[in-house]
Amino acid sequence: MAISGVPVLGFFIIAVLMSAQESWAIKEEHVIIQAEFYLNPDQSGEFMFDFDGDEIFHVDMAKKETVWRLEEFGRFASFEAQGALANIAVDKANLEIMTKRSNYTPITNVPPEVTVLTNSPVELREPNVLICFIDKFTPPVVNVTWLRNGKPVTTGVSETVFLPREDHLFRKFHYLPFLPSTEDVYDCRVEHWGLDEPLLKHWEFDAPSPLPETTENVVCALGLTVGLVGIIIGTIFIIKGLRKSNAAERRGPL
């Protein structure tokens, strides 16, 4: 789906407990962020809670239900999705007012920084996960496509919601399970209003380089030299020991 239209960022709330920006003489240990926004012309929004940089939950606007990042969280807490939907409705109304007051000024586009990495050290034919980390961008609208050997891949892909940053920009993670091989190459293609053209980040298996023959020869020669030196030194000590023993025998007992 191509990105089109002029984005207007809606009501964006960041509620920080014991924030470092506050003038209180208290050193924060943990930070909870409530982030919500509404976008036009997409008519889409998001409501989520973040704890120390990790998502706790978000509300699925289409299904009207709370989605916990980890199922275990839902066993110890609860959140009514209707509360988030009511907030988004207020955000939409506020956006209409703010848009008129700003004379329909669009939001400034900040292009993302994109990094592709693996979830764990890579071993051939061992299951792994490619991670496409999209960071430091606004507005929170991106299209992300995984490519294997230049062709789109959709099987098994997953993603996070838009995660807030302390500088009011956003970050997002996209995941692709895969089996590393020497034949396949991968790309994460990112589209955003701040980019003149789609941004591709490439990944392929990089086998460890074997030691060059000259290096192996040097290592072998060094090992041989060390071995010869050890033999020579050992022989010298043996000869000295024998000489001392013979001298003691010639002197006889006192």
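Heads up, the Cβ atoms here are built off N, Cα and C, so glycines get one too.
Swiss-Prot gives the label ubiquitin cross-link to one of Lys100, Lys172, Lys244, namely Lys244. Neighbour density around each Cβ, counted as other Cβ atoms within 10 Å, peaks among the recorded sites Gln34, Asn94 at Gln34. Cβ neighbour count within 10 Å across all protein chains ranks Glu80 highest among the recorded sites Phe76, Glu80. Between the recorded sites Ser78, Asn87, the minimum number of other C-beta atoms within 10 Å of a residue's C-beta occurs at Ser78. In the shown protein chains, 14 other C-beta atoms lie within 10 A of the C-beta of Gly74 (site 'Self-peptide antigen').
For the region 'Alpha-1' (26-109), the DSSP-based tally of helix, strand and coil residues reads 25 helix, 28 strand, 31 coil.
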